Structures are given as structure tokens and as C-alpha cells.
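Now, the feature entries from TrEMBL:
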- 6-24: transmembrane segment (TRANSMEM)
- 73-93: transmembrane segment (TRANSMEM)
- 105-126: transmembrane segment (TRANSMEM)
- 146-167: transmembrane segment (TRANSMEM)
- 174-192: transmembrane segment (TRANSMEM)
- 224-247: transmembrane segment (TRANSMEM)
- 254-272: transmembrane segment (TRANSMEM)
- 284-308: transmembrane segment (TRANSMEM)
Amino acid sequence: MSVGFLVVIFFLLVVFVLVGVTFLTLLERKVLGYVHIRSGPNKVGFIGLFQPFSDAISLFSSEQYFPLVSNYLSYYFSPVFSLFLSLLIWVLVPYFSGFISFELGLLFFLCCTSLGVYTVMVAGWSSNSNYSLLGGLRSVAQTISYEVSLALILLSFVFLVCGYDLVSFYYFQSYLWLIFFTFPLSLVWIISCLAETNRTPFDFAEGESELVSGFNIEYGAGGFALIFLAEYASILFMGLLFCVIFLGCDLDSLLFYISLSFISYLFIWVRGTLPRFRYDKLMYLAWSGFLPLSLNFLLFFLGVKLFLFPLL
């Protein structure tokens with residue numbers, strides 16, 4: 001397979017991910033509208049279908065400004081790097097036709113999500129504003145805390161399927177989906193994904209006491225749009241990874257895409273339903289709740305693999 005062909009496929013993948021992100025934002029605004037007993041965006045185009053494109057044009061054509069005392073290069077570079085990381089993770093999609101075969105796919109995923117922490121930290125610091133720095137610090141602490149449980153959950157499944165490749169999940173779930181005998185772990189995964197992507201009820205990047213938007217308070221126009229796109233692209237990928245690990249990983253099946261749509265809808269549903277958590281309770285949940293649970297499941301899967309599987 002030539003390099004040019006791979007570049008074209010990845011370019012198409014990026015385009016379709018960005019289109020998916022635009023319609024996910026429309027879905028979110030529509031669902032939240034109906035949650036609030038109003039209709040949501042319905043003026044631009046047929047039933048509001050062109051609203052995301054209208055928003056994108058207005059954001060990217062707005063005046064680009066920057067704070068005079070900001071660290072100019074890192075201030076401009078961090079949203080671009082954030083979107084780049086969110087789109088780079090999509091090369092992990094387990095196509096059975098080839099594309100890019102990752103033998104260590106899950107490690108690549110953990111590396112990219114860990115690097116995402118730095119973009120938030122640099123965005124908050126380089127704005128040279130106390131409020132954005134506070135939001136960045138809160139967000140970094142939260143993301144690191146929940147990455148620990150995410151990594152341990154992934155390690156449990158690595159022991160179970162004996163591989164870091166996402167395709168191995170497809171072969172392992174030929175007869176039974178993993179969600180049926182790891183249901184508690186799937187709930188922990190979903191909640192950790194909410195915290196990892198800074199979504200309600202864990203959106204502590206936003207400063208409630210300071211009444212500001214958080215680490216991205218100094219960003220407007222294109223910079224804000226890039227941060228927004230990165231967040232929603234990572235939400236879509238987290239939904240895809242949930243479907244790969246727990247719901248069969250069959251990319252040729254329509255059911256896979258229905259499941260992915262439902263998981264994406266779940267992120268929005270939670271946002272419209274639950275109030276914001278308290279920050280100390282968030283940290284308590286991560287270190288005193290999810291960490292022991294994921295460690296216990298890790299030992300359990302290790303025991304199952306060592307003692308039960310050789311008997312089968």
C-alpha cells in the first residue's frame with residue numbers, strides 16, 4: 001500500500017470525523033433544546049441542518065485577537081496541537097482491510113490522551129490570566145486522576161485478549177460481547193470518559209466560582225473553534241472505543257454505528273440531566289472509588305487468564 005494512498009485515506013477520515021463533529025454539535029443543541037422544552041436551532045436550512053456550518057463560518061471569519069501579555073507562540077499553537085492529537089487518534093480505527101495496523105494501538109491511545117493534558121495546561125498558562133491558569137490546573141488534575149483508572153481498565157482487557165491491537169477485540173468477542181460479563185467496568189469506563197473529556201457533570205475546567213469559561217477564557221474566534229472541535233472529536237472517539245472494547249467491534253455491522261450514535265447521545269443526555277459535581281467529591285471518586293475497583297478487576301482478569309483459560 002503506497003504512502004500517497006494512506007495519506008488520501010487519512011485525509012478522508014479526518015474530513016468525515018470533522019463532519020461527524022459538526023452534526024454532533026447540532027444533535028447536542030437539539031437534544032438540550034428539547035430537554036429545556038424548546039425547539040433548539042431550526043432556522044438555518046431545513047430544520048437547522050446548516051446551523052453548524054453557519055457557526056463555523058462565523059467563528060473562523062471573526063477577528064483574530066490575542067492578549068498583549070500572553071505567550072504568543074504557545075498561546076496560538078496549543079489549540080492547533082489539541083485538534084491535531086484528537087484527529088491523530090483516529091488512525092487507530094480497526095479497519096479489517098488494512099489501512100494502518102497498530103500492534104500496540106492501546107498504548108498509542110494512552111500516549112495521545114496523556115499528551116492532550118499538556119495542551120490544556122499550556123493553553124491555560126500561555127494566556128497569562130489567573131482565571132485561565134486556575135481552570136487549566138483544575139482540568140489537568142482531573143484528567144490525570146481519571147487517566148489512571150482508564151489505563152488500568154485497558155490493562156485488564158489487555159490481559160484478557162492478550163494483545164494491544166484493537167482488531168483482537170473483534171476476534172475475542174465473536175460469540176459474546178464483553179459488556180455482558182464486565183458491566184461494572186463498562187460503567188466506570190463511561191464515567192471516566194466523561195471526566196477525561198471535561199464533560200458535565202465533571203466540567204471543572206469551567207470556573208463556577210470565577211464565573212469564567214476556564215482555561216479557554218482568553219480564546220475567541222478560530223482558537224476557540226479548534227478547542228471545541230478537539231473536545232467533540234475526542235468524545236466521538238471515546239464512544240467508538242467503548243463500542244470496540246465492550247460492544248463487539250464489528251465495523252461492518254450497522255449495529256456498531258447505532259451503538260456509537262447511542263453512546264454519543266449518552267454524553268449529551270448526561271449533560272442535560274445531571275448537575276455539576278463538587279470538586280473534592282470528583283477526586284474522592286477517582287482515587288477512593290474507581291482506582292480500587294479497576295485494580296480489583298485487573299487482578300480478577302489476571303486470575304481468570306492464568307487459571308481458568310488454560311482449562312478450557
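Backbone N, Cα and C atoms are what each Cβ position is placed from, and that goes for glycine too.
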Per Cβ pairs under 8 Å, the stretch of 105-126, 146-167, 224-247, 254-272 packing most closely against the transmembrane segment (6-24): 224-247
Among the ranges 146-167, 224-247, 254-272, the one whose Cβ pairs under 8 Å to the transmembrane segment (105-126) are most numerous: 146-167
